[in-house]
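Copied from TrEMBL, the annotated features are:
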BINDING   A:11-18, A:36-40, A:58-61, A:122-125  GTP binding site
BINDING   A:Asn22  Mg(2+) 1 binding site
BINDING   A:Ala23, A:Thr25, A:Gly26  Mg(2+) 2 binding site
TRANSMEM  A:279-297  transmembrane segment
TRANSMEM  A:335-359  transmembrane segment
TRANSMEM  A:413-439  transmembrane segment
TRANSMEM  A:451-472  transmembrane segment
TRANSMEM  A:510-529  transmembrane segment
TRANSMEM  A:643-666  transmembrane segment
TRANSMEM  A:678-698  transmembrane segment
Amino acid sequence: MSKQINVALIGNPNTGKTSVFNALTGLNQQVGNYPGITVEKKEGVCKLSRGIKAHIIDLPGTYSLNASSLDENVVIELLLNKNDKDFPDIAVVVSDVENLKRNLLLFTQIKDLEIPTLLVINMADRMRYKGISLDIDYLEAELQTKIALISTRKKEGIDNLKNLIANYKELSVTPCINPSDIDKEYFDNLQKAFPNQLLYKLWLVITQDVNFGKTDRKEIEAVANFKTKSKADLKRLQQKETIKRYQFINNALKHGQTIDASQAKDLRSKLDRILTHRIWGYFIFFVILLTIFQAIYDWSSVPMDFIDSAFASLSEWTKIQLPQGAFTDLLAEGIIPGLGGIVIFIPQIAFLFLFISVLEESGYMSRVVFLMDRIMRRFGLSGKSVVPLISGTACAIPAIMATRNIESWKERLITILVTPFTTCSARLPVYLIIISLIIPEGRFLGLGYQALTLMLLYFIGFGIAVLSAYILNKVLKIRSKTFFVVEMPNYKLPMFKNVAITVLEKTKSFVFGAGKIILAISIILWFLASYGPGDNFNNAESIINTEYASQQLSEDEINQHIASYKLEHSYIGIAGHAIEPAIRPLGYDWKIGIAIVSSFAAREVFVGTLATIYSVGSDDEATIKNRMAAEVNPILGGPLFNFASGISLLLFYAFAMQCMSTLAIVKRETNSWKWPTLQLFIMSGFAYVVALIAYQLLK
Amino acid sequence: MQYTLAELKRGERAIITDVSSIHIPLKLLEMGCLPGNLVELVQLAPFKDPMYLNINGTHLAIRKETAVHILIEKQG
């Protein structure tokens with residue numbers, strides 16, 4: 001007989017909670033969102049003994065049940081709502097053996113909610129290096145729980161952990177502290193007012209702003225209004241509560257844990273002496289960034305070229321193999337090039353997420369936050385803004401969500417507003433293809449010109465982001481409390497499994513998320529490019545045949561002329577011509593205009609659109625790049641993609657706000673249409689002006 | 001003699017004597033920044049801000065503007 005239980009994994013950040021989740025579920029996991037908010041929800045399944053199946057939720061990392069961010073709110077909302085379908089049968093609190101004392105604070109809070117709570121002490125392999133020894137039996141008795149001492153790195157103790165989870169019914173639910181010890185009069189009155197409720201739960205509801213499930217909402221609101229004390233007094237009680245909790249913890253650890261400091265090997269302080277050094281620290285950070293960009297450019301060019309030509313061949317092959325007709329054309333000219341435009345991203349996105357997750361997992365990212373805080377503050381940002389700005393190089397969407405741990409609203413808002421200026425991976429295909437067309441190959445000091453141009457574009461993105469932050473900081477009149485607390489975790493060698501799963505999950509969700517839009521737009525574009533109104537389009541063949549009747553042209557050449565005449569008079573051609581006056585001063589023709597318009601939904605559509613437009617009606621097996629290189633400027637002659645128009649396009653894409661998903665996320669995170677609307681018009685207007693100036697100066 | 005945490009020098013240790021709880025985020029208190037606990041200054045960023053501290057075994061960084069609300073007694 002099989003039975004399913006809900007298991008909630010809870011823990012401080014940097015305790016290896018995700019490693020425990022990965023060890024329990026392997027690839028049996030899925031990432032979604034909590035309904036209505038963009039907090040990532042990770043859940044998975046693990047088979048335990050005696051036919052029990054565990055449904056495991058990896059809750060966002062939190063230091064305490066007193067939530068200070070949206071992510072942390074998720075934890076407390078779930079734990080306080082018994083009616084939630086995910087309400088845990090057992091809470092598994094993951095702690096790190098080196099930070100046991102602090103990690104236990106959260107443990108005592110959860111235990112006080114009278115949920116069966118199991119304590120996992122992770123990173124047991126580090127005990128030897130740090131001279132730590134634990135008396136597990138004693139600690140189990142003092143903390144009134146079961147303890148699983150494990151090492152996810154050495155894969156030790158996982159089976160024992162599974163057994164302990166399966167036996168969740170044996171766990172004690174005795175609370176750790178009694179709220180009445182904090183302030184007898186206040187808490188006794190509170191209990192009298194709500195005799196059927198758990199006192200600690202009432203206290204949590206009073207001290208924070210949490211949304212609860214519908215069912216007990218009325219009752220909860222009554223509790224939240226039970227305010228017989230001022231805010232400052234409540235905070236004083238919270239401090240007293242925290243002191244009580246640490247007394248309880250210290251009491252347990254006094255005999256349960258011994259640390260022989262002489263045994264400790266201190267890698268941390270040695271590394272920190274260099275990595276957070278006021279000169280070397282910055283130098284190393286710069287070198288790391290440089291390496292990442294060079295690596296992404298070099299390593300992904302091979303698979304990208306391969307993907308590009310593979311899709312060109314596939315398209316050609318489809319045309320030959322399938323019977324002629326509209327469906328074959330849609331497949332070969334619409335869907336396959338469109339898909340190619342998605343798949344070509346995979347190498348770079350994977351590399352970017354690889355580097356970012358290694359930097360995060362190793363603990364280095366916190367050092368960057370420390371180093372950059374003072375500098376960033378001058379621009380109205382926080383040291384924590386560095387993380388969104390760096391992850392913005394992968395995608396602005398997770399980057400904007402990563403601003404949630406910035407405590408000051410003003411710093412956070414500015415970070416959200418400027419993050420889309422950083423060069424996200426969706427800009428990369430546009431950059432790469434244009435750079436390869438207009439920048440010569442060759443090397444300078446061992447770095448390729450093309451790689452240097454790309455790096456320059458990244459710096460321009462960061463530069464404009466920081467500059468606009470500076471302006472916003474002066475313009476925005478928002479007063480918000482600023483404080484800044486960032487944990488400096490131990491350095492750790494990133495675990496292969498964690499990094500691999502992150503890269504896989506992020507790439508997958510990015511490709512499928514963006515892929516849907518790109519595919520849909522490719523199909524629409526194909527229709528618009530393959531059909532047109534009126535006689536001009538329908539009679540293209542006879543018109544061309546008459547026009548060129550006097551010239552001796554081969555059948556191929558005639559067909560070329562027919563195809564381009566048809567395209568020009570298709571729906572898309574008409575639309576393109578309509579906007580041409582606005583974009584001609586920037587050096588673009590109507591085809592580029594179409595690509596720009598369609599890429600307002602998502603930048604990466606640009607290459608796919610050009611691929612679709614150029615492949616409609618052409619038979620030869622050519623890559624997108626070859627087709628673009630062959631385009632001729634209809635007015636001036638010479639290649640359409642020359643240095644001036646290329647630079648103008650690069651700058652346009654560097655600054656324009658062309659991503660509907662980002663706008664949607666900004667709306668969600670700022671809870672207002674005002675900010676995304678401003679972003680759209682200011683960024684795109686600025687992009688237009690800069691591209692215009694660049695082209696007029698260079699042409 | 002009474003100092004604030006902002007006056008601690010690199011490598012120095014001190015005992016926290018008082019925190020002004022209204023000016024200090026709860027999160028910092030919960031991470032161990034409480035009276036009686038030992039604090040050591042591990043590293044300073046340029047312009048002596050932020051401060052990289054070891055409080056009671058927890059390593060964290062805070063800004064100077066927060067540190068001035070924490071009173072300490074320097075150790076030998």
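Yeah, the Cβs are placed from backbone N, Cα and C, and that goes for glycine too.
Automatic prediction, not curation, is the source of TrEMBL annotations.
Considering only the binding-site residues A:Asn22, A:Ala23, A:Thr25, A:Gly26, A:Pro60 (GTP binding site) has A:Asn22 as its nearest partner by CA-CA distance. The local packing around A:Gly11 (GTP binding site), expressed as other Cβ atoms within 10 Å of its Cβ over all shown chains, amounts to 28. DSSP classifies A:Lys17 (GTP binding site) as helix under the three-state reduction. Of the candidate ranges A:279-297, A:335-359, A:451-472, A:643-666, A:678-698, A:451-472 contributes the most Cβ pairs within a distance under 8 Å of the transmembrane segment (A:413-439). For A:Asn14 (GTP binding site), the same-chain residues lying six or more positions away in sequence with a CB closer than 8 A to its CB are A:Gly61, A:Asp96, A:Gly363, A:Glu487, A:Pro489, A:Asn490.
If you look at the transmembrane segment (A:451-472), the same-chain residues 6 or more away from its ends with a CB under 8 A from one of its CBs are 290, 293-294, 297-298, 376, 378-381, 385, 389, 393, 414-415, 417-419, 421-423, 427, 431-432, 435, 439, 444, 650-651, 654-655.
Same-chain residues at least 6 positions away in sequence with a Cβ under 8 Å from that of A:Ala23 (Mg(2+) 2 binding site) are, in sequence order, A:Thr152, A:Lys155, A:Ile158. A Cα-Cα distance of 19 Å separates A:Gly26 (Mg(2+) 2 binding site) from A:Gly11 (GTP binding site). Summary of the Mg(2+) 2 site environment: with the site residues A:Ala23, A:Thr25, A:Gly26 set aside, the chain residues having Cβ atoms within 8 Å of the Cβ mean position are A:Phe21, A:Asn22, A:Leu24, A:Leu27, A:Asn28, A:Gln29, A:Gly44, A:Cys46. Cα of A:Met123 (GTP binding site) to Cα of the residue listed as 'Mg(2+) 1 binding site': a span of 15 Å. A:Gly11 (GTP binding site) and the residue listed as 'Mg(2+) 1 binding site' are 15 Å apart (CA-CA, integer value). In this structure, A:Glu40 (GTP binding site) is part of a beta strand by DSSP. Reduced to three states, the DSSP call for A:Gly11 (GTP binding site) is strand.
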